[in-house]
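> Before anything else, here's the structure in question.
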Amino acid sequence: MVSVPTAWCSVALALLVALHEGKDQAAATLEQPASSPRARAAHLRLRRCSCSSWLDKECVYFCHLDIIWVNTPGQTAPYGLGNPPRRRRRSLPGRCECSSARDPACATFCHQRSRADAVGVPGSQSSADAFQAGKTWATPGELLRTLRDISAAKTHFAKRQQEATREPRTTHSRHRKR
């Protein structure tokens, strides 16, 4: 009869041998594609087109085919985009530039107006939508005035909250202590 520790040792040894053999097979399959000079280069992400702004999330989602999108509380952020040269981004005339001129869906998407511009009425967009569409403030001082107004409103609200907590609460006559 075989003792229990001996049985466990033989099972563990068989498992290690099987894992070691599987490791050799996996390494052989990984070496085959790496032997070509093109595969040794850095991983290039598949792109249908190049967006002129990373803030245009609809364009980034359309153009970059293998992006992993990470959900964060404030926004959905693309993971693994990399950082292309700024000169190329600035030189793009429209929303994006297609990598293949024979792609009609890409040409239609890149040369049409953005959805926010097509649907919205001028002046009805939120500041976030206007920022995503690439628009700037009408006057240089408008942003500063808006921030000052927000700050004043927050200060006023904080003062009112403090005054409300300082006022003594009136209790009902039946609940007063004698």
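Even glycines carry a Cβ here, placed using N, Cα and C.
Reproduced below are the annotations present in Swiss-Prot:
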{"type": "SIGNAL", "residues": "1-24", "note": "signal peptide"}
{"type": "DISULFID", "residues": "C49-C63", "note": "disulfide bond"}
{"type": "DISULFID", "residues": "C51-C59", "note": "disulfide bond"}
{"type": "REGION", "residues": "96-111", "note": "region 'Endothelin-like'"}
{"type": "REGION", "residues": "154-178", "note": "region 'Disordered'"}
{"type": "COMPBIAS", "residues": "160-170", "note": "compositional bias 'Basic and acidic residues'"}
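Provide an account of the burial state, proximal residues and distances for the features listed.
Over all protein chains present, the Cβ of C63 (disulfide bond) has 23 other Cβ atoms lying within 10 Å. Classification of C63 (disulfide bond) by DSSP places it within a helix.
Each residue in the region 'Endothelin-like' (96-111) has a pLDDT score, and their mean in this model is 85.
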> Where else in the chain does the region 'Endothelin-like' (96-111) make close Cβ contacts, counting only residues six or more beyond its ends and a cut-off under 8 Å?
47-52, 59, 62-63
> In angstrom units, rounded to an integer, how far apart are the Cα atoms of C51 (disulfide bond) and C63 (disulfide bond)?
7
> Sort out for me which one of C51, C59 has the most neighbouring CB atoms within 10 A, since those are the disulfide-bonded residues we care about.
C51
